[in-house]
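Taken from TrEMBL as is:
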SIGNAL    1-25  signal peptide
TRANSMEM  87-106  transmembrane segment
TRANSMEM  112-131  transmembrane segment
TRANSMEM  167-186  transmembrane segment
TRANSMEM  192-213  transmembrane segment
TRANSMEM  297-319  transmembrane segment
TRANSMEM  339-359  transmembrane segment
TRANSMEM  379-400  transmembrane segment
TRANSMEM  430-449  transmembrane segment
TRANSMEM  461-487  transmembrane segment
TRANSMEM  507-525  transmembrane segment
Amino acid sequence: MSGGGRVQGLSRSCILLIVIAGMERFAFKGVASNLVTYLTDVVQMSNSSAAKTVNSWCGFTSMLPLLVAPLADSFWDRYSTILTSSFVYVLGLGAVASTATIWTWSPPSNKSSPAFLFWSLCLISLGQGAYNPSLQAFGADQLDHDEELPSSKDDKSSNKKSLFFQWWYFGVCSGSLLGVILMSYIQDTFGWILGFAIPMFAMITSVAIFTCGNRIYAYKPDKSIDSKPFQNILQVIKVTASKLVNGRIRINLPDDKSDVGELELQEKPLCDQKFGSNGGFDGNPRNKTYLLENAKIVLRLLPIWAMLLMFAVIFQQPATFFTKQGMTMKRNIGRNFKIPPATLQSAITLSIILMMPLYDKVLIPITQIVTRNQKGITVMQRMGVGMFLSIIAMIIAAVVETKRLEISRKTSSLESETVELSIFWLLPQYVLLGISDIFTVVGMQEFFYNEVPVRMRTMGFALYTSVFGLGSFLSALMISVIEAFTSSGGRQSWFSDDMREDGLDKYYWLLALASTLSLLFYAIFSKFYTTTSELENGNCK
């Protein structure tokens with residue numbers, strides 16, 4: 001059921017979907033990357049309010065897949081979900097573009113105007129919440145030996161999976177890079193109407209291209225797996241809770257005749273069960289232990305999932321405070337051209353694009369020799385390395401911000417906030433975050449995809465995006481708490497609108513410390529975590 005010719009071991013349908021994913025990222029980044037500037041300059045929000053709004057919106061966008069994925073996996077096929085959600089996505093982009101058109105002639109002056117922008121952004125969130133995980137799961141369905149995923153004994157199949165995720169991330173990073181560079185420049189130079197209209201038309205074009213690929217897509221049926229896994233898992237969670245009280249309970253097993261069966265919940269090690277080829281235990285939804293063990297698979301991911309949240313908090317900084325920092329620094333190239341601060345976010349994606357081939361051709365061969373492992377380093381080790389690099393990036397950010405504040409305070413008598421420090425001093429922290437993405441973000445996609453049952457693939461990608469969703473909310477919460485604490489007693493807030501008096505350097509040190517603690521606990525949890533492939537092979541820790 002594959003779609004024809006191959007490039008780099010991937011089918012034509014995989015490559016087409018990677019291109020479509022890149023176009024979606026172009027559209028989203030075209031709106032999101034410079035949104036904080038739109039909120040402060042056009043909507044007239046304060047720096048902290050704009051940062052919290054962007055963080056909350058990004059968090060809401062990333063958390064929605066957790067709500068939508070069960071519907072996509074249980075009731076809809078992925079192709080229909082992609083088409084339906086893309087319509088909502090385009091509608092949201094059009095609504096955002098309309099706000100820029102209206103406010104060009106009539107600036108927002110009351111609460112209803114920002115409210116309309118908020119609901120427009122929510123439409124984008126709703127569309128993307130269903131679109132992204134479904135598109136990536138549909139892309140993974142195109143792999144040749146699909147029935148062997150997500151757990152496979154074949155190293156070639158595993159390597160092909162890694163190749164798909166790396167090229168997928170390469171595609172979305174390429175789209176993000178173009179969206180950040182091109183759209184930030186257009187928005188700052190030609191205005192917000194054109195700057196928001198182009199992403200809308202890009203998304204419309206991607207939907208048209210997607211429908212043109214119908215003949216080469218692989219549509220994989222899930223005949224052997226229960227059609228409503230999430231309802232059943234919720235049922236098992238209720239059963240497990242009841243077991244703590246009653247010890248022995250009765251539940252409705254998920255069969256067509258709705259027969260009532262008695263289930264004795266036994267305290268057995270997870271690896272004692274037979275791990276089936278369908279990515280769940282025993283591979284048979286009619287089996288009494290199937291639902292319980294699949295629920296355990298999801299629940300045991302939570303410690304690792306939680307320890308990745310601080311990485312997601314750091315991930316929010318380039319689109320918020322890094323951008324506001326850049327606005328106060330020397331941005332001139334020549335006499336007339338000024339670098340839009342948001343374009344420095346492109347350094348993240350550019351470093352990913354440039355370093356990704358080196359990861360495959362240099363780092364992996366070296367680690368294969370050292371570790372004698374076919375993949376070089378494990379997925380969990382890969383994520384840990386990225387978390388470590390993100391901590392180094394925040395330390396560098398804190399040092400640069402300290403230097404910026406020193407220079408700024410020496411020239412505090414001047415009216416302008418611009419300091420004689422080049423914006424390119426921010427580049428190292430952007431580049432390091434990009435390199436950390438190669439390790440952690442790609443690793444997260446593969447990790448969550450591998451560790452959930454096959455029928456829950458969309459949910460696997462939703463778990464990955466939800467890390468960044470909750471991380472965004474956590475970032476907004478941290479800003480609110482820190483702002484309330486540091487501004488008490490008439491003191492200057494760390495997030496002061498006067499960039500000469502802020503305390504962002506202290507905030508960056510706090511993030512570095514919190515991330516170090518997360519990495520420490522991540523290492524501990526990883527040591528005791530048993531992957532699905534190890535469970536399949538009977539290698540219990």
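Cβ atoms here come from the backbone N, Cα and C positions, even for glycine.
All TrEMBL annotations are machine predictions without curation.
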### Message
Let me spell it out: take the transmembrane segment (339-359), skip the flanking residues so only those 6+ beyond its ends count, and list any with a Cβ under 8 Å from a Cβ in it.
### Response
29, 33-34, 37, 166, 169-170, 173-174, 176-177, 180-181, 184-185, 187-188, 318-319, 322-327, 329, 331-333, 423, 426-427, 430-431, 433-435, 437-438
### Task
Go through 87-106, 167-186, 297-319, 430-449 and flag the stretch with the largest number of C-beta pairs under 8 Å relative to the transmembrane segment (461-487).
297-319
### Query
Against which stretches of its own chain does the transmembrane segment (167-186) lie, if we need a Cβ under 8 Å and a gap of at least six residues from its ends?
8, 10, 14, 18-19, 21-31, 33-34, 136, 139, 194-195, 198-199, 340, 342-343, 345-346, 349-350, 352-353, 356, 437-438, 441-442, 445
### Message
Checking distant contacts: for the transmembrane segment (297-319), what same-chain residues at least six beyond its ends satisfy Cβ-Cβ under 8 A?
### Response
32-33, 35-36, 54-55, 58, 233, 270, 280-281, 342, 344-345, 348, 380, 383, 386-387, 390, 393-394, 397, 430, 433, 436, 440, 444, 447-448, 451-453, 456, 459, 463, 466-472, 474-475, 478, 508, 511, 514-515, 517-519, 521-522, 525-526, 529, 532
### Message
What residues elsewhere in the chain lie close to the transmembrane segment (379-400), defined as a C-beta under 8 angstroms and at least 6 residues from its ends?
### Response
304, 308, 310-311, 314-315, 317, 322, 425-426, 428-429, 432-433, 435-444, 446-447, 450, 505-506, 508-509, 511-512, 515-516, 518-519, 522-523, 526, 529, 531
